[in-house]
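Okay, so here's the structure we're looking at.
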Amino acid sequence: MPQGASLSLRELAKFYDGAGAVLGVSLDLEPGKFLTLLGPSGSGKTTTLMMVAGFVDPTGGDILVNGRSVARMPAHKRDMGMVFQNYALFPHMTVAENVGFPLKMRNMSRSERDDRIATFVKMVGLEPFAKRYPQQLSGGQQQRVALARALVFSPSLVLMDEPLGALDRRLRLQMQEEIKGIQRELGLTVIYVTHDQEEALTMSDMVAVMEGGRISSFGTPREIYEKPTNRFVANFIGESNFIPCHLEQAGGETLARLESGARVAVGASDLPAGAPGVIFLRPERLRLCAADDALPNKVPGRVMGEIYLGDASLYRVRLGDGLEVKVKRPNRGYGMPVREGDEMMVGWQPADSIVLRA
Amino acid sequence: MSERTLSPGNIALSAFSVIVLFVLVAPILVIVLVSFTPGDLMQFPPQGFSLRWYQRYFEDPQWQSATALSFLVAGLTAVFSLVLGFLTSLALVRGRFPGKNALRIFLMSPLIIPKIIVAVGLYFLYVRMRILGTTFGLVAAHTLIAMPYVVMILSAALFGFDRRLEWAARNLGASPLKTLWHVTLPLLRPAIISAALFAFIASFDDIILSLFLTKLSAPTLPRQIWVNVQQVIDPTIAAVSTLMTLISVLGLWLVALIQRMAARGAR
């Protein structure tokens, strides 16, 4: 049974002096789910979070927690725990006092409070540091205090504003795992804001990609990554290839005519025949192969260079019409050797491609 | 670190500094020494050592009531100017309203306008309001001249205040008032104490407003000194002056200490 609440946003909007920061955001999130608002800076993700928290008054729309509107409720009555970007720990309070602050504000008795503080300080592994002040802790430890403080009062929603941005990569990965683990165990509903797409994919149940104050795409990480609905999302998350084309109908089958004149089979597309589009292909779904390979779609190209990534290599391949595509190949230590200047075929399965609006 | 050189320029600069320092400190030093004289006259250098003028000060009811009034007025001034100054600083730093800069400059004006003009103005105003010679009237006047210091110190502190701490408190369930009490005020404590001490000293040191606004029968300490200088000129004045200087120096030392502690805490 998740302890978190459900969240719905209805046409939530914020205008500053006529200019829109958030232009009507709607979404529904089930209890106990981890939602990431992902987008570049200025996309409205932080403003959306601040409206949910109650620090920014919406110009329009509504926020529903468990079906009840909280849009007009003052921040301190919303019962949401927030982890701020730079933690916002109270410098004049010890770790234990910081964690106990929300309980004190709720007039919890001293003994009950101490029990809960002990439980949560232990949960984030900071028992030896309970009497220390925030300035005496490392960045990662401060992060844990902020987390414990945001969770200790069993809030209906947990809000996180780029909480891992200040940590180095190794610590970030470790904290991602810990946060995800605690979220699952306690059944928390989390709204997480980040511009780091990798973080969004690994942690979330649902991802809302934001662009220019709107939700550009909403779905599970797998849907967002594998079946992007527009070029912005495809481009923002992961590496992508876009091959310009025109759609053609031929005997009940949809074909795409490339600029070189070659025709390739594609999966389903909403675009009408004759419309200009781009074939979207992830580098790892492309394969370097010989001309007699069994793949249905093959285009000739020349290998222009290799970027060595350790576990894989990324090849730049120039196609016949001058367009360069990226092909990712795992370094398994066997298979066809590839060198710069090689003439090869780039092949893919029609189902791995999506034709998007150009 | 650069080596100290004995160039003519450096020697001249050092000499000049010593002279300036001497000119500034010498009168205080003279007063301090005179206060320990055993004789009946202000005499420098003093002949011998005695605490009789300090004893006189502590035993004389007139001096004692003047001292009590000065402490009362300075204390109330600190309280009033802190409350008003804090609210004003909040408005100046966080508010958005037309004429904000004009208000800021207006509040600083007691620093620029000669005190004597303020005193004359208040004198006539107080006569009409029938509060001339009241403690309240003097506290109000001192609050006026203490405000610039309080507003300057508190708005600087508020300007550098991390508002996300207040957001965090609100988010964690603290009402606006509880946020102020548990987060904002404790974090501003060093600035508040500094501002209070400055306000206290601004009032405690004032003679001009006191001359115009107090009754002769109930003077503040500086006015009592003034009266004594005109009438009797005995070394009690030197003893009182020494004590007053001590209080001011202690106050400023406290401010410096608090600021140093705050700087260390922030690290």
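The backbone N, Cα and C atoms fix where each Cβ goes, glycine too.
According to TrEMBL, the feature transmembrane segment maps to B:12-36, B:68-93, B:105-126, B:138-161, B:191-213, B:236-258. Taken from TrEMBL, the feature domain 'ABC transmembrane type-1' applies to B:67-255.
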Quick check for me: are there 3+ Cβ pairs below 8 Å between the transmembrane segment (B:105-126) and the transmembrane segment (B:191-213), leaving out pairs under 6 residues apart?
yes
Give residue numbers and ranges for long-range contacts of the transmembrane segment (B:191-213): same chain, 6 or more residues beyond its ends, CB-CB under 8 A.
70-71, 73-75, 77-78, 81-82, 85-86, 115-116, 118-120, 122-123, 126, 132-133, 137-139, 141-143, 145-146, 149-150, 153-154, 156-157, 185, 219-223, 226, 244, 247-248, 251-252, 254-255, 258-259, 262
Cβ under 8 Å, sequence separation of at least 6 from the ends of the transmembrane segment (B:12-36): give me the contacting residues as numbers and ranges.
42-46, 49-51, 53-54, 235, 238-239, 241-242, 245
In the same chain, which residue numbers or ranges, 6 or more beyond the ends of the transmembrane segment (B:68-93), come under 8 angstroms Cβ to Cβ?
100, 103-104, 107, 135, 138-140, 142-143, 146-147, 149-151, 154-155, 158-159, 192, 195-197, 199-204, 214, 218-222
